[in-house]
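Shown next, in structure tokens, is the structure this report addresses.
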Amino acid sequence: MDRWQGIQHVVVVGLGITGLSVVNYLRKYHPSVTVQVIDTREAPPGQEQLSSDVALHRSGWNLEWLLNADLVVTNPGIALATPEIQQVLAAGIPVVGDIELFAWHVDTPVIAITGSNGKSTVTDLSGVLANAAGVKAAVGGNIGVPALDLISPDVELYVLELSSFQLETTSSLKLKAAAFLNLSEDHMDRYQGMEDYRQAKLRIFDHAETAVVNADDTQTFPDHAAHLQVVTFGVEQAAQFSLAQHQGREYLFARDEAVMACAELSLVGRHNVANVLTVLALLDSAGVNFRLALDALKSYTGLTHRCQVVADNHGIKWVNDSKATNVASTLAALSGLKIEGQLYLLVGGVGKGADFTPLAPVLATLPVQLCCFGVDGHQFMPLHPSARFYDSMESIIRSIRPQLKSGDMVLLSPACASFDQFKNFMARGDIFAQLARQYA
């Protein structure tokens, strides 16, 4: 069936790197289609890269364009509940995202990953190990390169990170294997509650052959699994991909096979052991022989902005975990820590309506000074008696620098989004790393 039959006029809502990837894809593969772009921002990012023959409407909506479209492609950041998008849907005009266009185009095997935390590490490591095993993999989606920019005839496996926002507008993505890593409170400003958020994530299994789920978090299990093969991973509960003692050491196990000692991993933290087990389960389900890539697994140190040591001088560790944009990410970082001295924990930013109280019992067990900043930083103040509020990240570091001593750790794991004071979490992490090197 030709999905494009009768589609002559496409409106792309939201520019940026995803919107640009949609425009470039349409111009390359569907040159006869007329493309218009709507972006409600005054200066949409990427507008200077837009071809002069693509009409752009800025600083607001253009309902005339929307209601005359044959297809509307929205940016994942735009909720389907937005009144203008609701009008489009009410008019019977299909609304999709870039991942749905990708799904219409490719017939090469695809694996995909969703979850509240750990998605980027699992996605990146899956690509690294697939390539090391001799399978040409292309990695992207919600991480790095937009999915449509990955399309190439020589790719043998696509590895996509998918957010709940992307899954909302995706309905026909066929997957060799799909992983749902975990579920914790996030984006409560967008969803009606946790079950609403969970249902968006579960869409990843709609057309998957294998569901890779977390035995330690049953909320990741599909509600309807008749069409699926279900494979489990876990570090606490019994699972097909799990941990067990072998020759006196803790080993990663794939089904009943001892794969590698945990001590041989370069990755730090218990949450990363779970991430590795997920990758093994995904690749195995997709027919990739991960055993050919164990050297690459041993040497893999993880992604920037995710529990990354950016400076280690005079015995003081500076750790950039800027990607921790919700409470569960920060809890994961704290659970994997080994600290000899004092922990200086930097938290705050845009809270997205989250409840931060689950941090309190964990903080109570740690030698911590809580350093709060950002628009919702004050919400962390009741969590620990050491809490102090600062007007910026730099003022925190200037203030604590004279008291730092060997064995201490300065950890940026904010449990919040960054866009109150920074362009994005990467910019926040880069500035932290720069300050760490300056003051270390």
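Using the three backbone atoms N, Cα and C, a Cβ is placed for every residue, glycine included.
Annotated features in Swiss-Prot:
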- GLY115, SER116, ASN117, GLY118, LYS119, SER120, THR121: ATP binding site (BINDING)
Cβ-centroid neighbours of ATP site GLY115, SER116, ASN117, GLY118, LYS119, SER120, THR121, 8 Å, sequence order: ILE113, VAL122, LEU181, ASN182, ASN275, SER329
Least surrounded among the binding-site residues, given as SER116, ASN117, SER120, THR121, when other CB atoms within 10 Å are counted: SER120
Cβ neighbours of LYS119 (ATP binding site) where a neighbour is any other Cβ within 10 Å: 26
Intrachain C-beta neighbours of GLY118 (ATP binding site), sequence separation six or more, cut-off 8 angstroms: LEU181, ASN182, HIS271, ALA274, ASN275, THR278, ALA332
Nonlocal neighbours by CB distance (under 8 Å) for GLY115 (ATP binding site), same chain, sequence gap 6 or more: VAL122, ALA179, PHE180, LEU181, ASN182, LEU183, LYS201, THR220
